[in-house]
Structure formats: structure tokens, C-alpha cells
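Undergrad: One structure coming up, written as C-alpha cells, with questions to follow.
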Amino acid sequence: MPQLINPILPGFNADPSILRVGQDYYIATSTFEWYPGVQIHHSRDLANWDLVVRPLTRKAQLDMRGDPDSCGVWAPCLTHDGEKFWLVYTDVKRKDGSFKDTHNYIVTADKVEGPWSDPWFVNSSGFDPSLFHDEEGGRKWFVNMLWDHRRRPRAFAGIRLQEWDAESGRLVGERKTIFLGSELDLVEAPHLYKRNRWFYLLTAEGGTGYEHACTLARSREIWGPYEMHPETHVLTSKDNIHAALQWAGHGDIVDTPEGKTYLVHLTGRPTTQFRRCVLGRECGLQEAYWKDDWLYVKNGPVPSLHVEVPGTRDEAKYWAEQRYSFDKELHKDFQWLRTPESERIFAVQDGKLTLFGRESVGSWFEQALVARRQTHFSYDAETVIDFSPEDERQFAGLTAYYCRYNFYYLTVSGTADGKRELLFLSSEASYPDGDLKLPLPAAVEIPNEGKVKLALSIRGPKLQYYYALEGQELKKIGPVYDASILSDECGGHKAHGSFTGAFVGVAASDLNGTALPAKFDYFVYRPEHSELDRYEVHIQ
């Protein structure tokens, strides 16, 4: 069979849940504060994946205004019961400190493309929920990790099980903690399976960083007791700092029509220069096999960079330049932040993307920022802006963005005396204050009329901005910046407390509250090969 190089979903595609319906495979991944919620990719060969839908598209399903960075939609679980698709997800309202506010919901659809139903509220006792359909018993079971703010004895208090009644749309019957995890601690991300009269419970442990792992247990009864896998962790890179794929954990299992088993998992690729995963938490795939009714990862438990799959990946598609026009609707590659009321922050009209200036960059409520994932270690981005600010409180431009504490932003801004200038704003690993890096670089005065081309170039950890006035060539503006801060490790919230990935896109702020529009003609994302695209590789 052909081999591909992991990850199968590059860039920010965290917490994968995989499913096969007939010949079709689907993977659902977390989107956190980015809207619409949940990404679902489709493939027929495990090699080539296309984004088919983001199902949480309206206020009744998801409203994340006020959700802090790296909150919002955590760890969706996508299943099918033979009749329809079921999607379970958490909307996290708070994650820092002793408390976590985690609201769990279920939506359904006859087709994966939708329409998706309004949600059923399930519970708020923890996160990473999933749904197991017991074909033999005809019952549905809901599991999630249990959060204990008292830490008696630990905050990650185990895996909680209860029956879900689809008729009444609520949990019923006994609820029980069925698994406490191993000594590694931080047990989460439960998935239940049934095979050869065994119930299997796959969980994640160790936290979603360099100690991450997939832990497997089994029982003859769904309520337990569960015995631990002979090797405890079926997948982890925690004991191999040179592995190309780090952060390995949070997995799910799927069988091919031929009976071969694969495990999808979260992973990250740190750069050698700074050991930072700028592309965020990505999705990897491993071959697996069964022995003595236990699952093992081929060449595991350390994840393999290369994996055999039925299909051959179209590498040309991955490396192709993406030129986005704004003729009809926003391209599916783009997302925005938190709000279900997209019409308040942008419109695609008259061949332009128009942003309506809202709150400051980094706002947790309503900021006009539209961006796509960084999916390559090196790339170029370019746009043309038409914007007439009245004063210094109105600015718009091109941003490389991770969160309110980590972004670079070249703006067209106004001045107090009514002129226009190019002003560079950045927040560089500024947690917890979120301050701009001061003093600001010297502004460049530009004519009050005319469009401006804005561009940036990232080569590994190096970021350089450019601009051009109408009829002129691009020229550098500002120094070379450190692109590696656009990573989980630099996102703040303590070590590994940030969960997304780097984005690049356009933004507009109007701190006067008048929603001044900024118009963008097009957007280009051009992948590049660079000698700086190095990450730690240990060939297995």
C-alpha cells in the first residue's frame, strides 16, 4: 500500500473523532473559539481529506461571545447509529483556575452536510463527551471526563457513564465513574467500543502536551471493572523527545471495510529552533492491529511519521497557491471568532470582503477578524485593502494571529490630524496582561487616498511584513519578527494551556463604535518550501 507522511490533517485540527459509514470516512475536530463550530473532513481512502461542513452555524447551536481564548468548542465526537449522524460537543466558558464551566450538547443530522438539529443540552459535569451506540442492546451511552474543583484527590476525577434516552432527549438511570485512569493522571477524551464481547475504553492522559498519551482498558461489562492494557499506553511520544510527532494522544479507532484498524490521534510538530508547534495540534494516523483481544499500534507506542494507507495523497493540491476571490460567499477555508451574527462583522459583496470595524483585536466578544489556518511552516500571504480611517481609533489590515496575547498586525490607521499611516501592532507572548509591545515601531505616512497592498512572508520562525502603494512594488516594513510565538507553547495560560494554532487573515477595528468598513479585494495564501522548515525527525 502507498505510504503517506503524517499528519493527515496539517495545521490546527485537534482532538480527532473518526467514523466510517460504508466507504466514507469522516473526522471531526475541535474549533475552540473559531466560528462556525467543529470541522468535519471526509475521505474515501484515508489519504485525501476535504472539509465538507462546519455543522454548528447558528446561535441556537453555539454562541461563544465572551468565551476566553482556547475555550469554546472542545473535543467533538461524531458517530452514526445506522440511521443518522450524532455529534456531541462541549462549549467551554471557563478553563483557567479551579473551575471549568463545560456545557455538553448533542445535535443530529440525516446527512453529514446537514441540516443539523438544534441541540439537546446533556450536562455540565466535565468535558470531552462521547456517545456509544450499543448495537446488541440497542441502548445509547454517554461518557465524559468528570471535573472536580475540590481536587479530591485530583481535578481529573475519572470517566463518568450514564445512559442517554434518545426519545426524551436526556440522561436517565444510574451514573457511575467507571475508570480513574493510570498513574500518568489527567484522564480525559473517553471513547467506548465493543468487540468480541469486550467493551473497550480508550482515553487520553498526561495533558495535551509533551506528556500526552492514549490509554486503553477493557471490561466484559460496560459498567466495569476495567482492566488496563498490558502496556498501559498504546500511543505516546512522551518518552522519545526526538520523535517527529510529539504530543501524541487523544485518539479514536476506525476499521476499514477489509477489517484493518487505524487509530487517529492528536499530534504536534515542534521546530528544532525553539521546540514550538506553530501549526498547532494536528491530526495524525497510525496503523494498528489486534492481539489477544488487545489493540496495539504498529511500531508503537511512539507514533510513526510514515503510515501505509489505501490511497495516495495528492501532494500538488497541498502545495498549490490558494487565491481567494470574494465573488459570492466566504470560502470554507476561512473562519471568524465567536459570534453567530457574522453579518455584524463581515459581508461578501460587490467582489469584496467588507469588514465592519468592531472591537479591539483580541476581544472575546465581537472583533472583525476573518482568517484561515496556517498549514505550512513557510508561506506568503497578500491582500489589497481600501480603507479611509478618520482617526487613530480606526485601523484595519493583515494579521498573523494566534490569540489576544500573540499576534502581529500591519494596519492602515488614521491619525489625530486626519492623515493615514501604516502602523504596526503586536502582542508577543504578553500573557496575562495582553499589552501591545511598546514602543510601537515608527509609523509610515501614506496618502489619504488609494488602495494599499499588504503582504507577509513566513520562513520557519522568521516573519517579515511588506507593503506597496498603488503602482509600486512591494517593499519591506519593520524588522524580522519571531513567528514561533504563534504557538500553543507561547499562548499563555500556563504550559500547554492554549490549544489552537496560527492563523493568517484580515481584521478591522473601530474603537469609536461606528463600524467603519474596510474592503479587501482578494486574499492569497502561497505555501513555500524553506530550509528553515525543520522539525525534529526520528525515522522509525
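Glycine is treated like the rest: Cβ placed from N, Cα and C.
Quick caveat, the model's predicted, so the values are computed rather than measured.
Got these off TrEMBL a minute ago, pasting:
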{"type": "ACT_SITE", "residues": "ASP15", "note": "active site, proton acceptor"}
{"type": "ACT_SITE", "residues": "GLU188", "note": "active site, proton donor"}
{"type": "DOMAIN", "residues": "326-526", "note": "domain 'Beta-xylosidase C-terminal Concanavalin A-like'"}
Undergrad: Using C-alpha atoms only, work out the spacing between ASP15 (active site, proton acceptor) and GLU188 (active site, proton donor) and round it to an integer in Å.
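TA: That comes out at 11 Å between the alpha carbons.
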Undergrad: Look at the active-site residues ASP15, GLU188 and tell me which residue has the greatest number of other C-beta atoms within 10 angstroms of its C-beta.
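TA: That would be ASP15, with the most Cβ atoms nearby.
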Undergrad: Along the domain 'Beta-xylosidase C-terminal Concanavalin A-like' (326-526), what average pLDDT does this model show?
TA: 96
